[in-house]
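Here is the structure we will look at.
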Amino acid sequence: MSLPENYTLTILGAGVMGSAVLSAILKSKPSPFPSHIYCCTGSSKSADRLQSTYGDAISTSYGTNNAEAVRKADVIILGCKPFLCQAVIDSVKDALNDKQIVISLLAGWTIDQLSSAMGNPNIARVMTNTPAKYGCGTAIVSFAPVLQGSESVAVRDAVMALVDTVGMALELPEKNMDAATSLVGSGPAFVLLMMQALAEGGVRMGIPYEVAKKCAAKVMEGTAKMVQESGEHPEALKSMVCTPGGTTIGGLMVLEDKGVRGAISRSVEEAADIAAKLGKK
Ligand SMILES: NC(=O)C1=CN([C@@H]2O[C@H](COP(=O)(O)OP(=O)(O)OC[C@H]3O[C@@H](n4cnc5c(N)ncnc54)[C@H](OP(=O)(O)O)[C@@H]3O)[C@@H](O)[C@H]2O)C=CC1
Ligand SMILES: O=C(O)[C@@H]1CCC=N1
């Protein structure tokens, strides 16, 4: 199984995540590149907004007109909210066929659920995040059993190339997807809370907010880069910051006293538990 040369891509539910992935694809121009991209929404207002943002790189539709865009699709990126998924699928049911490749961005919906709802076994389940829009997102990809064989290597490569445009795409078994939903999908919100708290600490001590925000963002960016480039364990890098009797060890002791480390780890666990329940509602 492989993708047709000039394939058509339809994003069914091109909201925050669907359009973040669209931006990444348009910017990176992966190969093979779709010859036509359709973006489907629920409302005319959202369709108009997408059309004015992306111009003639895409065609848009909404509501009952989405069926036509879905009928033409070789690849469908499913980007609706989990609780609307069944209704969205039902609204285009007659336009679906079992040769299409479906890339789901949804939290909670398993490959089995998607497969039976869409009448199609060719599912790639993806969890990515909002930084995708800027090409610095993360994505975890799991393939349905029917796409795991050597005869589907071209499809897997095409899907990975498409998804890798968000920044970084890694493959994991589906059993890790709820954890990935939390770590990768929700992760930016957890990090933003930490970033805002760092900035506010600076403001509390007299630094103007705009400067504090820039510093907090750059400290996080720089620290992330240092972890990636050095390959060192974060604890080893952390100990290099701690001068004996100095400022950092004092600040870290407050964080440990308040249980921040456990709270962050448990927030990942809590969000993953919620993800596991989302598709069952
Ligand atoms: N937001 C995030 O950070 C992340 C979200 N996700 C997952 O991504 C998915 C989408 O979330 P998000 O992008 O935030 O949601 P949005 O609400 O931003 O996007 C949903 C999209 O679906 C469209 N839609 C609604 N009804 C229909 C319909 N009948 N037919 C076609 N399209 C329709 C909406 O159009 P309209 O605007 O007209 O209503 C909108 O474009 C979710 O399943 C979520 O779990 C995954 C990782 C991160
Ligand atoms: O909050 C949510 O449910 C979605 C999934 C991951 C990020 N946002």
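Positions of Cβ are set from backbone N, Cα and C atoms, glycine also.
TrEMBL does not curate its annotations; it predicts them automatically.
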Fill in: Of 6-26, 69-89, 153-173, the range TrEMBL labels transmembrane segment
6-26
Practice prompt. Select one of Thr41, Thr53: the residue that TrEMBL places in the NADP(+) site alongside Leu12, Gly13, Ala14, Gly15, Val16, Met17.
Written response: Thr41
Worksheet, complete the sentence: Fewest C-beta neighbours within 10 angstroms among the binding-site residues Ala14, Val16, Met17 belongs to Val16
Response to the item:
CA pair Ala14 (NADP(+) binding site) / Asn66 (NADPH binding site), Å rounded to integer, equals 12
Worksheet item: Which residue counts does DSSP give the domain 'Pyrroline-5-carboxylate reductase dimerisation' (174-277) for helix, strand and coil?
Response: 90 helix, 0 strand, 14 coil
Worksheet, complete the sentence: Leu12, Gly13, Ala14, Gly15, Val16, Met17, Thr41 bind NADP(+) per the record; greatest CA separation between any two, in Å, is 12
Worksheet item: Between Leu12 (NADP(+) binding site) and Asn66 (NADPH binding site), what C-alpha distance do you get in Å?
Response: 8
Worksheet entry | Confidence summary for the domain 'Pyrroline-5-carboxylate reductase catalytic N-terminal' (9-108), mean pLDDT rounded | 96
